[in-house]
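Participant: Okay, these came from TrEMBL:
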BINDING   D:ARG98, D:ASN152  substrate binding site
SITE      D:GLU114  site 'Increases basicity of active site Tyr'
BINDING   D:CYS173, D:HIS203  Mn(2+) binding site
DOMAIN    D:198-413  domain 'Glycosyl hydrolase family 4 C-terminal'
Number of protein chains: 4
Amino acid sequence: MTEMKKLKVVVIGGGSSYTPELVEGLLARHHELPVSQLWLVDIDAGMEKAKVIADLTKRMIAKTGCNIEVFLTTDRKQALMDADFVCSQFRAGRIEARLRDERIALKYRVIGQETNGLGGFSNACRTIPIALEIAKEMEALCPNAWLLNFTNPSGMVTEALTKYSTIKTVGLCNVPVNMERGAAEMLGVPRDEITMQIAGLNHLVWARKVLHNGQERSREVLEQLVAGNDRMTPKNIPPFRWDEGLLKSLDMVPCAYLRYYYQSRDFLDKEFAASSNKSNRADLVAKVEAELLEIYKDPTLDTKPQLLEERGGAYYSEAACELMNSIYNNKRSIMHVNTRNNGAIQGLPDDCAVEVSSLITSSEIIPLNVEPFETGTLRLIQLMKEFETLTVEAAISGDINLAKRALMLNPIVDSGAHIDEALQETIRENLDFMPKFAHALNQ
Amino acid sequence: MTEMKKLKVVVIGGGSSYTPELVEGLLARHHELPVSQLWLVDIDAGMEKAKVIADLTKRMIAKTGCNIEVFLTTDRKQALMDADFVCSQFRAGRIEARLRDERIALKYRVIGQETNGLGGFSNACRTIPIALEIAKEMEALCPNAWLLNFTNPSGMVTEALTKYSTIKTVGLCNVPVNMERGAAEMLGVPRDEITMQIAGLNHLVWARKVLHNGQERSREVLEQLVAGNDRMTPKNIPPFRWDEGLLKSLDMVPCAYLRYYYQSRDFLDKEFAASSNKSNRADLVAKVEAELLEIYKDPTLDTKPQLLEERGGAYYSEAACELMNSIYNNKRSIMHVNTRNNGAIQGLPDDCAVEVSSLITSSEIIPLNVEPFETGTLRLIQLMKEFETLTVEAAISGDINLAKRALMLNPIVDSGAHIDEALQETIRENLDFMPKFAHALNQ
Amino acid sequence: MTEMKKLKVVVIGGGSSYTPELVEGLLARHHELPVSQLWLVDIDAGMEKAKVIADLTKRMIAKTGCNIEVFLTTDRKQALMDADFVCSQFRAGRIEARLRDERIALKYRVIGQETNGLGGFSNACRTIPIALEIAKEMEALCPNAWLLNFTNPSGMVTEALTKYSTIKTVGLCNVPVNMERGAAEMLGVPRDEITMQIAGLNHLVWARKVLHNGQERSREVLEQLVAGNDRMTPKNIPPFRWDEGLLKSLDMVPCAYLRYYYQSRDFLDKEFAASSNKSNRADLVAKVEAELLEIYKDPTLDTKPQLLEERGGAYYSEAACELMNSIYNNKRSIMHVNTRNNGAIQGLPDDCAVEVSSLITSSEIIPLNVEPFETGTLRLIQLMKEFETLTVEAAISGDINLAKRALMLNPIVDSGAHIDEALQETIRENLDFMPKFAHALNQ
Amino acid sequence: MTEMKKLKVVVIGGGSSYTPELVEGLLARHHELPVSQLWLVDIDAGMEKAKVIADLTKRMIAKTGCNIEVFLTTDRKQALMDADFVCSQFRAGRIEARLRDERIALKYRVIGQETNGLGGFSNACRTIPIALEIAKEMEALCPNAWLLNFTNPSGMVTEALTKYSTIKTVGLCNVPVNMERGAAEMLGVPRDEITMQIAGLNHLVWARKVLHNGQERSREVLEQLVAGNDRMTPKNIPPFRWDEGLLKSLDMVPCAYLRYYYQSRDFLDKEFAASSNKSNRADLVAKVEAELLEIYKDPTLDTKPQLLEERGGAYYSEAACELMNSIYNNKRSIMHVNTRNNGAIQGLPDDCAVEVSSLITSSEIIPLNVEPFETGTLRLIQLMKEFETLTVEAAISGDINLAKRALMLNPIVDSGAHIDEALQETIRENLDFMPKFAHALNQ
């Protein structure tokens, strides 16, 4: 890339309601990130909604006077040709698949969340084959492009891409930036005076340090969490009071998703309660989605509407734009991303994906070194990483025994005969997305 | 020890119904293991039963004409003075405590087994302080004696002793020898033609190899397990059919207790069912105990009665006698014991206790090197070892947060607010044995 | 520190001819690094020279109109009181000790260089006790100050300080920055477009990547080294043509000092030749020093003279000023420093000192993660680190057997009886600085 | 193998003067190790000598009345067909090659010993391709046979075989058994009351424990070594007084070859002195060989002559026979052998060869677990293992840069331009055995 280069940005799953946020971020950086083409790719079934999104996008661009052409297409290969950045934010099977995952999980009394329990497993098995297909197309059509993955389960998808493709890939999640925002609020200081040192896995991450202008203030943040003043939990996780003794024994700030591990049964009970109230997360998301779409249709709307921040994914796109910027301009900024471990977290394989604060350069992502975790926490990380790695292998191979071993290790899914049944039902209901598992279906 | 040395053997918990088996073993080896004194130590509350046991013991010895004096006492220090071997087989809180553990565990819907779930935790917290007290007395009264620990949870007790005492300690369990016996039956070959290579943790152990006269036959054993021809499961574990796919993906023979991890919910369901039938394991044990005692009282009985083998602990004492013999005569035989890891199992700390096939010498226990476990299995071992290590620390310190973190990591205990309640109830009901936790009781 | 804080900077060994460079750097940053006091500390024997330096310093400051007071003293404690930054650049035993080290080393036919061979050992044993004494004073007088160590052997001194003091310490060396400058020249690009990823130990360091505006160009740099166009070797190392096959097999750029390891005998031969010509490095340094001093005395001189760059230490002070600036202003810039490993380089202990590209924050130094070294290189690093660690322990304890084992491991010092003799002579000739070894002197 | 099986034993290099010792060992075990055929394989150039050996062998067998047929052949494939045990004791290039190695090494002033310095490197490059050729023939002709390797350099040859062949291989060396014999003499106790725990690499091995009837007596052995009462050093190493401080700091008993590392220059000086006296080791060996051959020719001789023990290799064959016996009869005895590491020595790769006390079974060799070495010693082991591994790779690939890096790491070979010259000369003089290096010869 030379400075003159006009950039082509492709969004897989471009019909997502997150796209306006992404566009907002691109416009804000247009002076240093010279995007000239924005390609929104989606599938036939999503075109109606995607059209609404694309139109809003065009209005937003027109308003600023920036010179960015917007293309909406179902032809992924055409879009990928000579791309510079590819943002992956599709959802395999759309919101219906997520609803189905949650329903099956609850039927067998296990956690169905879309990234970590039985739902995460199911989502990974649907999504990873598609993600690898995209990466293969990129190897042919835009081998030097960067792939920015927001598609969930982001940690497993990134690991699959890192291991089985030559495309430069970074996984993104909004959890770390939301933690920084939350900590700033809790400490009553400006957002840009807070930096965190983040380490762990996607949705299983800790702030090892909370630094206010370089001074460590984790202790205060932990105390506020204990006191119930939690500004870090994203909208898509049920709110809980943290356990005081647990937090005191940790000496670092856990992300909200860690309560799935620290308070597993309580979460399951909440999911049951929500389910009987028709208020489970996936239902809620579907409802917000519908409302958003109505708003987006308004032909006078030419900015990102506020309601978007009600989604758990707020600030995802902000992070994605900053990442493109840092790569393109070799800014060597520190961001929190999913990338190849390479020894950053001791006790995990070099080739697995971890979520760590990293130096972003135009040639590579370099994690900051992570001080060794105390063993009690390391064991949890190692276990979930093994679940993730086995799930990735199962998703690619269709090996049902690997799938069972993955779920057996998962600490928020209890083992037993019900897992066989849940697996059968999951495969049967997702067969279009998991053809490799077809052989494992009981007759 | 010189060859002339007459040996003094001490049994802590000597009133146990296992003692006759131990005596049988000592008598069978008397020509090379010159025991001259056998001290049975028990507490006041156990004296009535202990008296019955001691009398049977004397009759057994008298029958053979061996010259072994038997002493029954509540004065542990007197017994330990100048001892050569100390066998620890006491149960802190007796059978009542185990019944209580199982009841509390079921109340909170978690596994209550005496070695690995909430029951294992509770048992460890009761037992470890006493075990260390005994070791401290030994450091003063018989510093060169060996401590052979059969007291459950044997892995955690051995780890505590190895870390916090200078006494040479070996932990024993009958699971590995029962696996060898079972494999011999399943292969239809003589018991002494089978050797296994054992590795893992106590009650979390695999036969990495099943060798018949040196030829590997694991595959056949696994196939028989799949076919339901399981001769390895001890009497104290509910019988189950193993999952075929799981066994095929393992490539080594798991011990029966591993089904607590591989089929966790199924076990919990069984425990519930048994509980409502008044047929939980602890009740059953109490019943067998009572029957045994009646038999032992018969003044004409001068051999070990067959019924003893109905207990899960069969062949424990056989292993103990062989171990004493191998140490005393520097036989350098290979036995399966709990000992300091020292790198035998890669991925675990050097100073933790593991259960591995080891060379028994008169100066030390040397594990056979263990081929690296595949990661999926290693993660389970590492996790449970961390549970064990945290439990040991909690048992010694009375730190309630350590206790919670231990239970949170335990893969067969789900986390959540119910754990706090279960911990409170456990401490309250065991306060005599866990005074260090008193400060943590809610008012 | 608040922004209003006026900073007190202390220079131990302030009479060094490097001080003017340091002052130049402080003046250039005065707008953001508000130094108000500069204390130069030296010993009585160095006062005549130190006076010359201090006077030049004052003239340099006066010329710029900055408001910095300069103090020259032999009272180290007075200087350290309430200091913010302490720069350590003293030489224990002055240039005479270095001359002596080189003479003794050559007498026994081993490398005598001041940081890595017998000379490095001797220098460490003289220097470490003094460095720790300073750190202890700092713990009492300015516990929150940062200690910036340039004193050689910088790696071992930093390790001693990191392990045995609570003072925040960073070790500095000019080798990495000289490599960056050299690479820029060799590639014909501006200095500030080059960044390197540095990893290894002090004077045993490699550029894992040479990035020109983020694009990797190591290969070209290696080719130029092979072609003899070496702009990286500092003035204090004899020039050599690199071995082509070796460089090709490395795939990263070695620092010039690595030729001590890769071409050990050739270096020794050079040292012999130089010695017979009276042109060994220490002699040369003494000559340049004398010339510099004459120049410094010129009362009209009020800038740093050019000749200073003839010294091997050029750009040391530049690095030191930038480091202070980055710490004070929490700039989070990436610099190449000696710091606690903490897992950054896999295969070395967490608590040893390594030289790595690191994020400099106002609260701590965070290494960038280092991709695993290939084993052939790792073994050399591990070996020299063990030499360093044993030397640190020997320097502190006076244990002669540790000293021997350290030297036995050092790959550029061959083992044998001559080492005993060399050790005896080294201790005898340095007894004032190594009193703890007195007991080991043969009668 | 069933007990009825008559065994076929093949000796590669059967014309060696060690063969009579091997035969003596086979005869002594004939009641449990039913050898029916003994095939001696040698090359044309060695046939004259081999004929003498074969005739002596036949006389020895005839004397005992055992029914073992002896075959002498140059047709290796015929010999290997359906073999049960293959003993490899050939010397590539015969004694002349060793003389040449020593001469070249001394010319360039480096250690030329046949297993560890430049001589070891040269020997490995000659020998490994032949060893692998034999293994490939075995894979076709006798895939279930065991390969017992005594061919030097035994560690590197075993590593090559273990990594690049599927044949079950064990490497043997007489150093450990000689250490046990020596310790027994030094302690004045019967040989069979001493057992050692051996760990390290071939010719770089330590007795971690010296046990007399199970009681640790290392301290006494070390004291005798210090006092000069060394009965452990084999005949082929020049005698030296050990350094007292070094031994005290070790806390384990080093093998005699370790003085090459601990007292490198002294050894080199001895080699020079011996060379000028025409008394270097290779010359001496040639002389003893000639004398032995004259004795063997005596048609009345029908036992192994005493002079054989003057060779450094004494007790090699004893160990080989015991090893065959233990494998054949699944004796599960503990022997000291070279085998795949598999984690036995922490800090070395799983797939490298180490020399460790191991359990010998009929299906595999299982190392006893080795307590972690203190880092100072581990670093030396790691370094030499890396030399060995790189040498194996160089020997197989003919990669001259790997060869240089191997030698550069070797702590008893100093680096520099002389190594290039020595390598050139080595390749040129051994070109028949190292054709893969031909491309690297300067014109």
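Every residue, even glycine, has its Cβ placed from backbone N, Cα and C.
I'd like to know what surrounds each of these features in this structure.
Facilitator: In the three-state DSSP reading, D:GLU114 (site 'Increases basicity of active site Tyr') counts as coil. If you draw a 10 Å sphere around the CB of D:GLU114 (site 'Increases basicity of active site Tyr'), it holds 25 other CB atoms from the protein chains shown.
The number of other Cβ atoms within 10 Å of the Cβ belonging to D:HIS203 (Mn(2+) binding site), over all protein chains shown, comes to 24. Taken residue by residue with DSSP, D:HIS203 (Mn(2+) binding site) is part of neither helix nor strand, so it is coil.
Confidence annotation: the domain 'Glycosyl hydrolase family 4 C-terminal' (D:198-413) carries a mean pLDDT of 90 in the model.
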Participant: Measure from the Cα of D:ARG98 (substrate binding site) to the Cα of every one of the recorded positions D:GLU114, D:CYS173, D:HIS203, then give the nearest.
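Facilitator: Answer for the nearest of the recorded positions: D:GLU114.
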Participant: Rounded to the nearest Å, what's the C-alpha distance separating D:CYS173 (Mn(2+) binding site) and D:GLU114 (site 'Increases basicity of active site Tyr')? Just drop the number here, would you?
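Facilitator: Rounded to a whole number, the Cα-Cα distance is 14 Å.
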Participant: In Å, rounded, how far does the Cα of D:ASN152 (substrate binding site) sit from the Cα of D:GLU114 (site 'Increases basicity of active site Tyr')?
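Facilitator: Given the Cα positions, D:ASN152 (substrate binding site) is 7 Å from D:GLU114 (site 'Increases basicity of active site Tyr').
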Participant: At a 10 Å cut-off from the C-beta of D:ARG98 (substrate binding site), count the other C-beta atoms across all protein chains.
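Facilitator: Counting Cβ neighbours of D:ARG98 (substrate binding site) within 10 Å gives 26.
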Participant: Check the DSSP secondary structure of D:ASN152 (substrate binding site), expressed as helix, strand or coil.
Facilitator: coil
Participant: In angstrom units, rounded to an integer, how far apart are the Cα atoms of D:HIS203 (Mn(2+) binding site) and D:GLU114 (site 'Increases basicity of active site Tyr')?
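Facilitator: Counting only the Cα atoms, the answer is 11 Å.
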Participant: According to DSSP, folded down to helix, strand and coil, what is D:CYS173 (Mn(2+) binding site)?
Facilitator: coil
Participant: Applying a 10 Å Cβ distance cut-off over all chains shown, what neighbour count does D:CYS173 (Mn(2+) binding site) have?
Facilitator: 29
